[in-house]
Amino acid sequence: MKSLLAFELNKIFRQKSIYVVYVVLLGLVMISLNAQYVVGKSAYYKDWEGELTHEKYKQAEAAHAELTKNSNENTVWTEEMREKAGVYEEIAVAKRLDETNDMSIQYFQSNLPQLNEKTFEYRKEALHLGMLEDVNVNKLYYHKAPAEMIDFVRTFGTMLTGALLLIGLAPIFSNEYMTGMDQLQLSTRHGRRKGIHAKIAASLIYTAFVIVVWGAFNLVQRIFVYGDGGWSAPLQQLFQYRYSPYDYDMLTYIFVQLGIHALGAVGFALLVLLISAWCRHTILSILISGAIFSLPIAIVVFFKIDLGMYENILDFTYTNVMRVSDLYDRFEVLNLFGYPVLYSYAAIVVMAVLSIAATKLLLYTMKRREVA
């Protein structure tokens, strides 16, 4: 089995196109980021970092009023003034978020007693209330590095993973059909099953390699540009996650995000293998797998198709699970026999089921093939 695994890994990693595409894509990412060294901006947060108390809120309001009291449309603001104003605005946003959170908690506390405890609506609101009670947005840190790392996964990370899995895995079976290698493997003792297991294991290792490489690039580049602070900042300090009910700091969420992304990537990798096993031509395998990967984005972003009641299905596609953000930026649940199931948990189950199904179908497909 070890020799088969090494053989399959060699077949994947010797493809020069993988490295060419990876370097080109990372180069394009660097150009699009156009990041400048801004670590020095963290100095403006030093006096305010940590827990935001009532006294700090009052001090920030007074400092902001002092900064702007003599300003008018003709005032030329220095960089220091702009940076300080930005800090005061972040503190004001944290205060508004805390007030909004308290209002939501009060609403659920007053509304829950009016609902039947055995209904889905009661269980849903009780779950939402419990999550909101754990959320603490009264913290401030200079969080540019972790914020950009989180956004990278949603955009460039998903693009890189999808593209590299297509290029690296789509030819695995298709190339063997074209060269006749599949007949050789099928004719050997235990060739089918052990060979398929080796291909699956090699594909999973390759998937991990793809994610680890751009993950390391993301970490090093962000820390170099923005510094190494802000990991303890609440997730809600990011605009997209302001109304997220998850009590995560940014470091915790980064690990959760990478885990969910990897789960979606594994599912997609197994699907690419399955499609490759069904297609005798590599280009057809790439086109079909690529269409499955890009279709959810095309529907929402380019075609803007209104799917109505079926729109939530997109949240559980491979692409959207790999993007992760839509699973955690708001409170969304499925109704499972009267019990609420968070989208984030449902996505894990969906990816696990799809991965198992793809593996079973792949084994069945190869079992049915006969030596010519």
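Yeah, the Cβs are placed from backbone N, Cα and C, and that goes for glycine too.
Listed in TrEMBL:
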- 20-39: transmembrane segment (TRANSMEM)
- 156-175: transmembrane segment (TRANSMEM)
- 196-217: transmembrane segment (TRANSMEM)
- 250-275: transmembrane segment (TRANSMEM)
- 282-303: transmembrane segment (TRANSMEM)
- 342-363: transmembrane segment (TRANSMEM)
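Counted over residue pairs 6 or more apart, the CB atoms of the transmembrane segment (342-363) and the transmembrane segment (156-175) come under 8 Å in fewer than three pairs, which marks the two as apart. Remote same-chain residues near the transmembrane segment (156-175) are listed as 8, 11-12, 15, 17-18, 21-22, 25-26, 29, 32, 181-182, 199, 203, 206-207, 210-211, 214-215, 218, 261, 265, 268-269, 272-273, 275-277, 279-282, 284-286, 289-290, 293-294, 319, 322-323 (criterion: CB distance under 8 Å, separation of at least six residues from the stretch ends).
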